[in-house]
Amino acid sequence: MQTEQKKRYLPFGYKLMLSYCILIIIPVLLVGYVANSVFVNSTRQQTRTNIQGTLQQMADNISYKMEDTERLTDMLYYDEALAGHLRHYEEGWVSYSATTNYLLPKFNSTIEATNRSIWMSVFLHNESLPEIYNTYDGNDPLTEKSRLLDIFHIRRITDRDWYRSFPSEVHGVTMEWRQIEDDETFRRISLLRRLVDVDDSASMREIGFIRISVRLSDLFESLDYRKIGEGTAITITAADGSILMSSGTTEEELDDARKNDASGPIVIEQRLPSQDWNIVALVPTGITERDTSKVRWLTLLICFVSFLVFSVLAMFLSRYFARRVGKIVSVLDSFQEGDFHKRIFFKGNDEFTHISGALNDMGQNIGDLIKEVYLTNIQKKEAELESLQAQINPHFLYNTLSSISRLAKFGETDKLQRMVRDLAKFYRLSLNEGRTVIPILSELDQAKAYVDIQKTKYGDRMNVFWDIDPAVVRYNTIKLVLQPFIENVLEHAWVGDRIHIRIAGTLEGDRIALKIIDDGVGIRPDRIRQIFDPSEGLNLGYGIRNVDQRIKLHYGNEYGVTMCSRSGIGTTVQIMIPALR
């Protein structure tokens with residue numbers, strides 16, 4: 001006994017403490033991880049939003065400068081007087097006067113309308129007007145003067161690819177920003193637009209062509225990486241992916257950043273609404289990660305302190321419940337040893353109080369329960385004895401022996417032999433080696449043996465139909481539940497000289513329904529009530545009542561026998577038992 005008490009095991013209190021620690025640390029770590037992830041993602045998203053707003057402001061500034069340059073071309077495009085001078089071919093003094101008195105002042109006033117450095121080149125179809133241009137000797141014109149004007153004849157550009165590929169004219173809309181000639185070399189970009197005869201709006205005949213070149217640094221002046229942060233690179237790319245301007249970022253670096261966004265800098269893009277250009281910002285992860293390390297350490301500290309506090313609380317709770325469980329275990333040990341007099345009491349109104357009350361009641365009532373089970377077994381045995389008494393029905397045996405004697409007297413040896421064989425089979429199945437519960441298949445065989453005996457007696461006057469679901473025969477039943485009802489039909493249900501009996505068996509969920517249906521004379525309702533109520537008729541329907549009582553005693557009151565009948569139509573008996581194997 002002492003050896004058993006010294007067996008090593010983990011006490012319930014330690015198990016409870018361990019489970020508490022696991023249940024504490026998992027939520028604490030999960031909450032810390034989620035909180036850290038949410039904050040980091042929120043910070044990154046806020047940074048993206050701020051940077052996106054900065055890029056949007058840059059895009060708006062660039063669009064404003066581009067629209068300002070486009071408005072300069074509108075001053076020439078919609079000038080009807082200018083169009084009139086450009087389409088009239090005059091020689092000599094007239095053309096010189098037009099150029100001096102109108103064209104040059106008009107073009108100069110146009111370029112003077114902006115305070116930015118621009119170079120405007122006008123290409124004219126009217127070759128009666130003189131060319132006026134400067135020579136630059138391979139240098140950038142915009143490095144020498146802030147505002148420049150050149151006038152050329154159109155034949156100078158008719159063989160250029162950029163002129164040939166210029167889009168068809170849509171009145172007031174067609175214009176294009178692109179790098180042509182030496183723009184890329186000198187870091188410029190040009191606005192291209194044709195001049196048309198506005199008086200002939202149907203044909204949109206070209207009378208000239210305008211090129212306004214501006215420095216990329218002037219147009220993209222607002223592209224300042226310092227507005228976002230140190231280490232940031234800002235790039236503006238054209239529709240073909242080429243870089244128009246950048247702050248220390250090459251095309252290869254930009255492509256690598258896009259392909260490897262997770263490990264490289266954060267890539268944020270903003271589209272220019274008026275052009276198919278993109279402003280791309282490459283933001284170092286350090287800008288968004290500056291505060292995340294502080295948050296991680298703070299989260300770890302909070303998680304650690306929370307774990308310590310909850311662990312101390314868990315220790316006190318586990319000790320409290322362990323003491324209560326120990327008392328319950330001691331009572332159960334006493335019950336196991338047969339001592340049902342030990343009691344425990346807990347204060348309060350919780351589950352432990354209910355358990356203690358239940359254990360105390362169990363200790364007090366356990367003897368009564370044992371007695372009740374013992375008496376129930378005795379009642380089952382008595383019911384089985386009554387069943388055996390009902391099985392060996394002297395009246396049935398007398399009638400059968402009388403029939404055998406009559407067959408022997410008339411020399412009907414075949415019927416005699418068959419009836420004796422069926423009688424022997426019936427009693428062999430009825431005894432069934434003393435077992436109370438038998439397979440439904442055996443119960444059906446016994447009923448068929450009884451029917452065969454009666455068929456020998458009644459011949460074609462009785463017809464029995466078997467309608468049994470194959471699934472039913474896999475289950476068990478208490479024995480001798482069908483034969484008493486078949487016998488009852490043959491003794492009391494005859495109307496005329498023929499009778500039909502149908503025996504059915506179906507599986508209904510977790511129940512089995514066995515039915516005996518006949519087309520006999522029927523039973524009055526008061527007779528059915530007397531059959532199931534012994535106080536109204538003690539000697540009426542003893543076999544039927546015996547089957548019902550045995551079923552209820554063995555399976556419970558929710559099972560048993562029910563009968564319904566209509567006078568002159570027949571009777572249906574339903575036997576309901578559980579589907580057990």
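Note that Cβ sites are derived from N, Cα and C of the backbone, with glycine treated the same way.
Automatic, uncurated: that is what TrEMBL annotation is.
If you look up TrEMBL, you'll see 12-35, 297-317 marked as transmembrane segment. Residues or ranges marked as domain 'HAMP' by TrEMBL: 319-371. Marked as domain 'Histidine kinase' by TrEMBL: 478-581.
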**Request:** Give, as a single whole number between 0 and 100, the mean pLDDT over the domain 'Histidine kinase' (478-581).
**Result:** 85
**Asked** In the same chain, which residue numbers or ranges, 6 or more beyond the ends of the transmembrane segment (12-35), come under 8 angstroms Cβ to Cβ?
**Response** 299-300, 302-303, 306-307, 310-311, 314-315, 317-319, 321-322, 325-326
**Fill in**
Secondary structure of the domain 'Histidine kinase' (478-581) by DSSP, residue by residue, totals 32 helix, 37 strand, 35 coil
